[in-house]
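S.K.: Pasting the feature list from Swiss-Prot:
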type: REGION; residues: 46-359; note: region 'Disordered'
type: COMPBIAS; residues: 57-76; note: compositional bias 'Low complexity'
type: COMPBIAS; residues: 92-103; note: compositional bias 'Basic and acidic residues'
type: COMPBIAS; residues: 110-124; note: compositional bias 'Basic and acidic residues'
type: COMPBIAS; residues: 130-141; note: compositional bias 'Polar residues'
type: COMPBIAS; residues: 142-190; note: compositional bias 'Low complexity'
type: COMPBIAS; residues: 191-205; note: compositional bias 'Basic and acidic residues'
type: COMPBIAS; residues: 239-250; note: compositional bias 'Basic and acidic residues'
type: COMPBIAS; residues: 259-271; note: compositional bias 'Basic and acidic residues'
type: COMPBIAS; residues: 289-299; note: compositional bias 'Low complexity'
type: COMPBIAS; residues: 315-330; note: compositional bias 'Low complexity'
type: COMPBIAS; residues: 331-342; note: compositional bias 'Basic residues'
type: COMPBIAS; residues: 346-358; note: compositional bias 'Basic and acidic residues'
type: DOMAIN; residues: 444-613; note: domain 'tr-type G'
type: BINDING; residues: 453-460, 499-503, 553-556; note: GTP binding site
type: REGION; residues: 453-460; note: region 'G1'
type: REGION; residues: 478-482; note: region 'G2'
type: REGION; residues: 499-502; note: region 'G3'
type: REGION; residues: 553-556; note: region 'G4'
Amino acid sequence: MGKKRVYEFAKEMHVDNKDVIDIAKNLGIEVKNHMSSIDQDQEAKIKGMLSKQSAGKAPSSQAAKTPAKAAKTSSAAHKEAAKKPVAASAKSNDHADVAEHSQKNAKPAAKQENKPARSNKTSDGKIILSKSTILRPRSTQTAHTNTNHNRGGNTASANNTANGRNSNRSNNNNNNRSANNANRSGNNNRSNERNRNDRNRRFDNQRVTGPMPRAGRPTAANGNPRPVAGNGGKFVKPASERQQPKRQEAVKPANAASKRSEQPRTERPRTEQPAATTNQRFTKPAPVPAAAAPKPASAGSQDNRNSRRGGGNSNFGRSNSYGNRNGFNRNNRRNKKNKRRQQSAPKKEMPQRKERPLPETLIYEVGMNAQDLGKILHREPAELIKKLFMLGVMVNQNQSLDKDTIELLATDYGIDAQEKVHEDISDLDKVFEEENKNQDNLQPRPPVVTIMGHVDHGKTTLLDKLRHTHVTEGEAGGITQHIGAYQVKLRDRLITFLDTPGHAAFTNMRARGADITDIVVLVVAADDGVMPQTIEAIHHAQAAKAPIIVAVNKIDKPGANPDHVMEQLTEYGLIPEDWGGDTIFVKISAKFGKNIDELLEMILLEADVLELKANPDQKAVGTVIEARLDKGKGPVATVLVQQGTLHTGDPIVVGNTFGRVRAMTNDHGRRVKDALPSMPVEITGINDVPQSADKFVVFADERTARAAGEERAKRAQEEERKNTNHVTLDNLFETMKEGQLKEVDVIIKADVQGSVEALAGSLEKIEVKGVRVNIIHQAVGAINESDVTLAAASNAIIIGFNVRPTALAKAQAEQDDVDIRLHSVIYKAIEEVEAAMKGMLEPTYEEKVIGTVTVRETIPVSKVGTVVGGYVDSGYITRDAGVRLVRDGIVKYEGKLGSLRRFKDDVKEVRQGFELGLTIENYNDIKVDDQIEAFTMEQVPVK
């Protein structure tokens with residue numbers, strides 16, 4: 001067999017679960033509760049312990065046999081008494097009623113319910129049993145409740161003869177009196193019939209054999225008794241009716257009460273209650289004899305006092321068996337008690353709002369309202385408005401307050417007031433300087449080297465050799481057009497190189513390169529010597545106070561003279577170390593890679609002397625090397641990190657724009673997440689294309705970055721408006737003189753911002769008498785429809801540098817006759833614009849007839865004019881073409897088409913052989929057989 005649950009074992013052994021659990025724990029068996037399982041061995045152990053305990057209790061059970069025998073004797077006495085005549089029983093009952101009244105009126109007797117039973121004798125020698133004699137000892141377990149008690153049920157009846165049913169009922173009611181009183185409130189609302197059924201079901205050993213007839217209302221017809229005035233409101237029936245039992249019941253032994261009285265009784269604390277009464281339905285009161293009818297004067301008051309106290313009558317407030325109500329509803333009393341208890345209970349205090357202390361100093365801003373001040377002062381806005389009202393200031397909670405009002409309010413509260421000082425977060429130069437001055441946690445960083453020199457002296461070839469790539473082949477004409485930033489690794493050390501253009505147009509870009517560099521490598525061709533851009537590069541490097549390393553290139557060419565180059569450079573303060581100076585000269589050949597490693601070693605040596613360091617743990621700051629507008633990525637900027645570390649997702653302000661770093665790409669085209677100091681990266685995620693040499697600063701959050709970027713953009717726009725020249729009396733003559741000049745309107749679009757600036761500066765420097773260049777728009781990116789629309793509206797020329805027009809822009813330019821010039825070398829762009837300014841300024845146009853129409857029919861239409869119907873004889877007719885009306889070889893009118901239709905549809909063009917309908921704008925004198933010529937004006941190319 002398997003294991004068995006504790007509760008199953010306890011059920012088999014007829015013991016309590018708790019006893020089994022206690023025995024199991026004493027035996028060391030692991031049992032938690034009645035649902036725990038025990039095996040056969042454990043079951044045997046527990047059985048043995050239970051048998052030992054039962055053996056120990058055997059003597060006590062034998063000692064209890066003597067009271068049992070006495071109980072049997074008393075039971076026999078009851079049976080004999082039941083066989084006596086009915087008259088004796090009636091007489092006994094009458095005396096019992098008298099005893100009951102005397103027992104009730106005695107206060108001490110009512111309070112001694114749990115005392116041992118004692119017998120009393122009347123004057124005639126008859127024995128009267130007290131109520132406590134028939135009480136059972138209180139059960140330790142909870143009994144089924146039955147609250148149907150009546151006053152007459154508590155009468156200690158000695159009548160054990162004819163009316164055995166009443167005796168048993170009274171005994172039963174007394175046995176369950178404690179349980180009934182405890183649960184009286186739960187069954188008050190039950191009907192009488194339901195209570196009777198409950199009682200019969202719960203006490204099977206006392207189940208009656210027949211139904212109990214219900215007494216009706218007392219009338220003359222049925223002869224039911226009425227209450228007797230001197231009997232405390234009881235109904236008294238004739239003794240003859242009470243002598244006949246109406247149903248047979250199981251009669252208990254008469255000595256049951258004595259048996260219970262002999263057993264030891266334990267009292268438990270209980271609330272003192274008045275004596276409960278038995279149910280009137282089961283025990284009908286006996287008529288009071290004439291001798292017992294007179295009562296003391298205090299009996300009525302005593303009964304009233306008992307009834308006022310409740311009297312323990314569970315039928316109080318409901319209809320009795322005779323149809324009368326027995327008082328008011330007990331629930332009302334219970335509700336009143338609960339209400340009094342709630343009123344007497346201590347009430348919970350409402351939570352009070354904690355008053356927060358005032359700040360020592362009120363830091364305010366001009367324009368704050370009462371609501372804003374309330375948050376700072378930890379006060380309600382209504383309180384502040386009330387205080388201001390008392391001070392003579394009428395405001396509402398949303399009205400802005402001036403400085404004096406806020407200080408007056410602070411004085412009333414007894415605190416100081418201080419106006420908040422706003423820090424200009426849009427001043428990037430100040431932030432940039434503060435971050436650069438930060439000397440905490442400095443670590444060595446790679447040097448930033450800028451390669452400078454004249455055009456075609458081999459700068460890009462040298463850098464190409466260093467990176468082992470072929471950058472020069474991708475440049476148009478072999479000339480570097482914009483800055484490139486690269487990193488080279490030598491002996492586990494990095495060097496950052498910047499390649500600057502050598503053309504004169506890129507002066508600003510060279511100056512920017514010198515500003516952000518640590519070391520300048522000046523490349524000079526051994527065969528050409530010092531050239532104008534070489535001298536300019538020297539000046540930029542000296543202005544930036546950057547050390548210069550001279551790389552004499554092309555020493556492999558025939559006719560190369562490095563010593564002559566060294567002599568020329570001494571005139572500009574660059575004296576070789578061999579000649580007693582401090583400038584490092586390295587003779588190299590970039591094409592063949594000669595002495596390249598020596599040049600790199602000299603760069604690292606110079607970097608060690610400079611002790612270059614940066615703090616990688618702070619917020620990143622740096623400089624924009626180049627910027628452009630990518631078709632797929634949007635604005636793209638090449639930046640050089642100078643301090644801190646730039647991370648993907650950092651809020652950033654670049655020049656006059658802002659954004660969040662979406663992605664970073666290094667010089668090899670690979671995505672990176674972090675950019676350390678001296679590392680060039682290409683970033684995306686900014687809102688607009690910044691200018692070259694703009695500073696960038698990383699902010700703590702995007703909100704601050706947005707505010708700083710918008711403020712800088714606003715200031716830049718205001719500065720641009722200030723630069724507009726307005727006409728005044730002082731410059732009126734100059735303005736009129738300039739009005740006589742012819743202007744060449746130009747729109748410049750380039751791939752990067754540096755190229756845009758260089759091309760614009762070069763075009764503005766062109767000097768032609770009577771003509772000047774007016775750059776109406778310059779931007780980075782491809783030529784789009786907006787540029788073409790602007791050019792068409794202002795009659796301007798579009799110059800594209802390393803960019804191409806979009807398909808839609810190209811089609812629109814052809815339609816609007818906008819001239820687009822595309823270049824990849826800056827020389828040709830400058831020369832072409834200069835040639836146009838010197839004599840071929842005004843374009844030449846010639847007329848070209850594109851088609852003719854013969855008028856077949858004319859239809860006058862109101863509010864439209866004359867509609868012409870005809871066929872296209874030759875060529876084609878377009879909607880935007882000019883028309884000329886010819887009649888008999890004479891031109892009658894020249895103008896534009898008003899509309900062009902084919903059937904009911906508006907069309908842009910009708911070809912030869914198709915019929916059409918048209919109108920001529922502002923002309924209606926059209927006749928049949930007139931000829932209409934369509935023509936366009938085409939520009940003659942400049943030769």
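Using the three backbone atoms N, Cα and C, a Cβ is placed for every residue, glycine included.
Since this is a predicted model, take the numbers as computed values, not measurements.
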S.K.: So for K459 (GTP binding site), how many other CB atoms are inside 10 Å of its CB?
M.R.: 28
S.K.: Across the region 'G1' (453-460), what does the pLDDT come to on average, as a whole number?
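M.R.: When the pLDDT values over the region 'G1' (453-460) are averaged, the result is 78.
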S.K.: Hey, does DSSP put D456 (GTP binding site) in a helix, a strand, or just coil?
M.R.: coil
S.K.: Select one residue from G453, D456, I555: among these binding-site residues, choose the one with the most other Cβ atoms within 10 Å of its Cβ.
M.R.: G453
S.K.: Counting by DSSP secondary structure, give me helix, strand and coil numbers for the compositional bias 'Basic residues' (331-342).
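M.R.: Per-class counts: 12 helix, 0 strand, 0 coil.
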S.K.: For the region 'G4' (553-556), jot down how many residues DSSP puts in helix, in strand and in coil.
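M.R.: Per-class counts: 0 helix, 1 strand, 3 coil.
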